[in-house]
Structures are given as C-alpha cells and as structure tokens.
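Engineer: I have a structure I would like to understand better, so I am pasting it below and will then ask my questions one at a time.
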Amino acid sequence: MTLPVGILLDLAGTFVFGISGAMLAVRRGLDVFGIAALAVAAALAGGMIRDMLLGAEPVAAFAQPLYLWAALAAAGLVFFAHRALERLANPVMLLDALGLGLFAVAGCRKALQFGLDPLPAILLGVLTAVGGGAVRDLLVTEVPRVLREEVYALAALVGAAIVVIGDRLSLPEIWVLPVGVLSAFLLRVLSVRRGWQAPKAPGSGSPD
Amino acid sequence: MTLPVGILLDLAGTFVFGISGAMLAVRRGLDVFGIAALAVAAALAGGMIRDMLLGAEPVAAFAQPLYLWAALAAAGLVFFAHRALERLANPVMLLDALGLGLFAVAGCRKALQFGLDPLPAILLGVLTAVGGGAVRDLLVTEVPRVLREEVYALAALVGAAIVVIGDRLSLPEIWVLPVGVLSAFLLRVLSVRRGWQAPKAPGSGSPD
Amino acid sequence: MTLPVGILLDLAGTFVFGISGAMLAVRRGLDVFGIAALAVAAALAGGMIRDMLLGAEPVAAFAQPLYLWAALAAAGLVFFAHRALERLANPVMLLDALGLGLFAVAGCRKALQFGLDPLPAILLGVLTAVGGGAVRDLLVTEVPRVLREEVYALAALVGAAIVVIGDRLSLPEIWVLPVGVLSAFLLRVLSVRRGWQAPKAPGSGSPD
C-alpha cells in the first residue's frame with residue numbers, strides 16, 4: 001500500500017509551506033485572516049494545481065481534511081510564535097527549501113502514478129513545488145521567488161528527476177523518496193548560502 | 001429538485017460580482033473589452049475555481065450559458081450607467097458584499113453535495129466567494145481585497161458555516177440559504193461601516 | 001480523424017507563445033530557469049486552463065510530451081538567439097498575435113467538441129488565447145497585455161467566432177481553421193500598426 005507515503009510527504013510539505021506563507025503575511029502586517037489565507041495558499045495551492053492538472057478531483061486538499069488542518073496549524077503557530085521563529089537563521093528560507101523538496105517529490109510521484117511520461121512528470125513535480133509559493137507571492141503582488149532567485153526551480157527539478165530515475169530503475173521508494181527530498185533541500189540551501197547563480201542569456205539585461 | 005436554487009444563487013452572485021469587476025475596470029480607464037474581461041473574471045472565476053477543485057467539469061460557467069450572459073449584462077449595464085452607479089453610496093462595496101454572501105453559500109452547498117467534509121466545504125465556500133474578487137484585483141496588479149480588508153474572509157466563512165450547520169441539523173434550505181447569505185452580507189457591510197478590524201499577530205509589522 | 005489538426009494548432013501556438021514568454025524573461029534579466037519558466041507559462045498555461053475548465057485531464061500539456069518540448073525548444077532558441085530575434089520588427093508582438101489566433105481557434109474547436117454552446121465556446125477560445133499571456137505577464141507583476149492593449153481580446157474573439165460560425169454552417173475545417181487563425185492574427189497586427197482603439201465607457205477615467 002503506497003498511499004500513506006504520499007499523504008505523509010504532502011502533509012509535511014503542507015505544514016512547512018504553511019509556515020512560510022503565514023510568516024510572509026506577518027511581515028506584511030496582515031491580520032489573522034490574511035495570515036490564514038497566505039498559509040493556506042502557500043500550503044495547498046501547489047497540490048491543488050497538481051490535482052486539477054491531473055484530474056485527481058476532488059483535490060486532495062479537500063478530499064482529505066488533514067491538509068487543511070496542517071495549514072491552519074501552521075498559521076496558528078506563526079500567529080503566536082512568529083518572533084521566536086524569526087530569530088532562527090533564515091527560517092522561512094529553510095522551511096521553504098524543505099517544502100520545495102517534499103512537494104517536488106510528492107508531485108512527481110503522483111504524476112507517475114497517473115501514467116505521465118518522465119518529462120511531464122518532472123515538470124508537474126516542479127509545478128507542485130513552486131506553485132504554492134508562487135501563489136503566495138502573487139497574492140501580495142511580489143514577483144514569485146521562483147523567478148527572482150537562482151537555483152530554485154533547479155532544486156525542485158533535481159528532486160523530481162531523482163524520483164523518475166528511481167522509478168525507471170525500480171529502486172525501492174523508501175530510499176528514493178528521502179534522497180529526492182534531501183537533494184532538492186540541500187541544493188537549494190547550498191545555493192543560497194554560497195550565492196550560486198544560474199546562467200543568463202548572453203547579452204541579456206539585468207534583473208529589476 | 002434542488003438544482004434551481006444553486007443556479008439562482010450563482011446567477012445573482014455572478015451579476016453583482018460582474019458589476020464590481022466592470023466598475024473597477026471603468027475606474028482604471030480600461031476599454032470595453034477590459035470592462036468585459038474584468039466583469040467575467042470577477043463574476044465567474046470563483047465558481048470556475050470551485051468546479052475545477054471539485055471535478056465538476058465542464059465548469060458551470062461554461063455548461064450553462066446563462067452565467068456568461070449575466071456577467072456580460074453586468075458589463076453592459078456598467079458601460080452605460082457607471083456614473084449613476086457610482087453616485088450610490090459605495091455601490092461596489094455593497095454589491096461585493098452581496099456577491100460574497102451568495103457565492104460563499106452556493107460554493108459551500110455544492111461542496112457538501114460533492115461529499116466534502118465540513119471544514120473543506122467551508123473553505124471551498126470561502127474560496128468560491130473570494131476567488132473571483134481576487135482574480136479581478138490581481139489582473140490589475142492590486143493586492144486582493146480579501147487580504148487588504150478586515151472581516152472579508154470572515155464574512156464568507158460565517159455564511160458558509162451556517163450552510164454546514166444547517167446541513168448537519170437538516171434544517172430546510174429555504175431558511176438556511178437566505179440566512180447564510182444575509183449573515184455574510186451584513187457582517188461584511190457592518191464591519192466596513194464600523195471599521196471593525198481582525199486581530200493581528202502580536203508584535204507584527206504594519207500593513208504596506 | 002480530426003485529432004492531428006488540434007495538436008498541430010496547439011503545437012504551433014505553444015512554440016510562438018513560448019518565444020514571447022522567453023523574450024520577456026530575457027528583457028527582465030531572468031536567468032535560464034526564469035526563461036524556461038516564462039516560456040512554459042506563456043506556452044502552456046492557456047491550454048492548461050482550457051483543459052481544466054473542460055475536464056479534459058490529464059491536460060494535453062502533460063498527456064502529450066511534445067507540448068513541453070515545443071515550449072522548451074522556444075526557451076532554448078531565445079536563450080541563444082534573443083539578440084537576433086529582437087532585431088526583427090516587433091517580433092514578440094507578431095508571434096504573440098500568431099499564438100493568439102492559433103490558440104483562439106484551437107480552444108474554441110475543443111470546446112465545441114466537448115459539447116459547449118456557441119457563446120461559452122467562444123469565451124473558452126478567448127480564454128485559451130489570452131490565458132498564457134496573462135499568466136506570463138502576471139508572473140512578472142505586469143498588468144496583462146489583454147487588459148492594457150486595445151483590440152487584443154477582440155482579435156481572439158473574432159478567430160473563435162469564425163470557428164463557431166463554420167461549425168454551424170458545417171463548412172470544411174481545412175478552410176475554416178486557417179481563416180480563423182489569419183483573421184485573428186491580421187486584426188491584432190493591424191490594430192497595433194494603425195493604433196486602433198476600442199471604445200471606453202462614456203465619462204470614464206484614463207488608463208494608469
């Protein structure tokens with residue numbers, strides 16, 4: 001039975017992305033409903049987009065109430081403890097990186113279960129991973145982090161690609177999934193810490 | 001036969017949200033197609049999102065042409081009569097509040113019909129209610145009203161929660177639905193008139 | 001057998017919209033992943049929205065890997081040849097106009113195949129045509145071109161309406177589809193070259 005692994009990955013990603021959304025809301029001075037809204041958007045939008053694109057409806061975020069509770073729990077935690085969370089080093093970045101890995105792996109895995117080819121499955125993994133954060137940022141009219149920050153989509157892509165390779169080689173999921181999550185997480189965190197940049201088109205303008 | 005009630009709620013919400021979208025377009029100086037586009041987006045996006053998340057496709061807004069006509073009628077009315085509409089006190093706010101209540105109730109009701117649990121059904125009602133307005137605002141790159149204004153999502157939540165409670169207690173819809181719509185409408189209007197605010201996280205920044 | 005025509009229209013639109021997305025990314029100074037992301041968004045979002053609204057899932061962009069390759073090929077071409085492409089007269093505008101016509105026709109045609117009525121089918125054609133560009137622009141927090149520029153949605157609408165009329169009159173697709181694409185393309189290009197404007201609501205403000 002493979003379902004619980006998918007739900008577990010999803011729930012963990014939901015919680016950490018929920019925290020990232022709620023903390024952005026606190027920083028922007030939004031009220032308790034804005035905090036809940038950004039937590040829910042960041043936590044659930046990626047998976048909702050994934051399920052709508054696959055035709056897996058009603059989407060998991062509604063079919064399984066645990067997701068919603070996880071997002072709201074993240075909002076509640078941030079509401080009361082955001083000052084403590086802020087004191088941790090770049091906590092939003094770290095949680096975002098973890099959610100990125102968890103959702104890339106979960107999204108790609110579900111895409112393979114729905115019979116998608118490797119390339120679309122990897123893209124859907126990336127979309128699941130970056131979708132929630134993109135909706136979160138767009139809701140406060142910021143250019144999504146995935147477009148502003150180097151090696152963000154790449155990290156998700158590596159995590160998803162590991163799932164596809166593991167599936168092709170019939171490797172056991174118990175190893176493949178954690179390796180995929182960790183690879184995406186580490187690549188993302190290292191790229192931030194070291195200031196790695198992806199190449200730009202030769203002769204293109206500077207970011208604005 | 002319960003279908004007509006759902007369509008009626010949807011059509012009324014569609015028309016009033018269509019007016020709110022068209023009036024925003026006029027205020028931003030958009031042309032006749034921009035007016036139609038924002039009317040359609042404000043009027044139909046919430047229900048489209050609801051139906052895509054539930055798997056009720058083709059979405060009602062396309063399966064039943066009346067919705068589209070209602071949105072276009074709203075755009076036409078605003079195109080010719082926007083100066084008269086503006087003279088009414090805060091007409092966009094009042095219509096928006098009414099659409100909020102209508103869509104929260106209609107969305108939650110449809111979610112229950114699709115077998116969703118109470119909490120997801122309430123969230124889907126809220127999402128139906130705030131989705132069209134959020135898309136409307138995002139299209140002109142404004143932070144959605146649901147994040148900027150206090151007691152907006154809460155009003156939708158109360159309307160949706162009344163539907164869930166009525167469903168649990170098997171109360172007749174002929175009473176439950178209007179009470180849900182009116183509660184959301186009144187809570188929203190009163191909160192604007194009285195300047196009610198939802199609490200912010202202790203020690204959080206001010207809105208920007 | 002009618003499927004190949006739909007795929008051909010879609011692939012051509014995908015490639016040219018992909019170029020428009022990638023060139024916007026280059027102009028905004030985004031890195032190679034940002035270029036791929038905007039190419040994929042501009043190329044595939046319109047068709048994804050169409051398929052999610054119709055219930056045609058998994059969406060064509062994932063069920064058929066060719067779409068993704070077309071979008072990525074557009075991104076690769078722009079990455080290496082964007083300076084040559086920029087020297088062509090308004091190349092993004094021309095490609096955008098062509099993609100607009102291709103997607104309006106393809107979207108409307110698919111909507112009719114799913115049994116939609118003429119008016120919803122035309123709207124879905126328009127939405128397919130303007131959806132990718134709208135997502136592309138929103139991702140870099142610009143007001144979508146469809147709202148800023150005159151005779152943009154109208155061009156898509158004319159292309160889609162020709163498909164509906166041809167369908168009603170049972171005219172052969174081999175004539176109707178190219179006429180629809182060309183009409184939308186020419187109307188869009190002429191409106192830009194001649195500075196045609198759609199009427200605004202009497203007494204409305206100026207654009208901002």
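Yeah, the Cβs are placed from backbone N, Cα and C, and that goes for glycine too.
The domain 'Glycine transporter' annotation in TrEMBL covers A:8-82, A:94-166. The feature transmembrane segment is assigned by TrEMBL to A:6-25, A:32-49, A:61-81, A:93-112, A:118-139, A:151-168, A:174-190.
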Engineer: Using a cut-off of under 8 Å between C-beta atoms, tell me which stretch among A:6-25, A:32-49, A:61-81, A:118-139 contacts the transmembrane segment (A:93-112) the most.
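Structural biologist: It is A:118-139 that shares the most Cβ pairs under 8 Å with the transmembrane segment (A:93-112).
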Engineer: Give the nonlocal contacts of the transmembrane segment (A:118-139) in its own chain as ranges (CB under 8 Å, at least six residues past its ends).
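Structural biologist: Contacts with the transmembrane segment (A:118-139): 17, 20-21, 24, 37-38, 41-50, 53-54, 96, 99-101, 103-112, 145-146, 152-153, 156-157, 159-161, 163-164, 168, 184.
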Engineer: Could you name the stretch, out of A:6-25, A:61-81, A:174-190, with the greatest number of CB pairs under 8 A to the transmembrane segment (A:32-49)?
Structural biologist: A:6-25
Engineer: Tally the residues of the domain 'Glycine transporter' (A:94-166) by DSSP class, grouping H, G and I as helix, E and B as strand, and everything else as coil.
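Structural biologist: For that range the per-state counts are 60 helix, 0 strand, 13 coil.
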Engineer: What average pLDDT does the predicted model assign to the domain 'Glycine transporter' (A:94-166)?
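Structural biologist: That stretch averages a pLDDT of 92.
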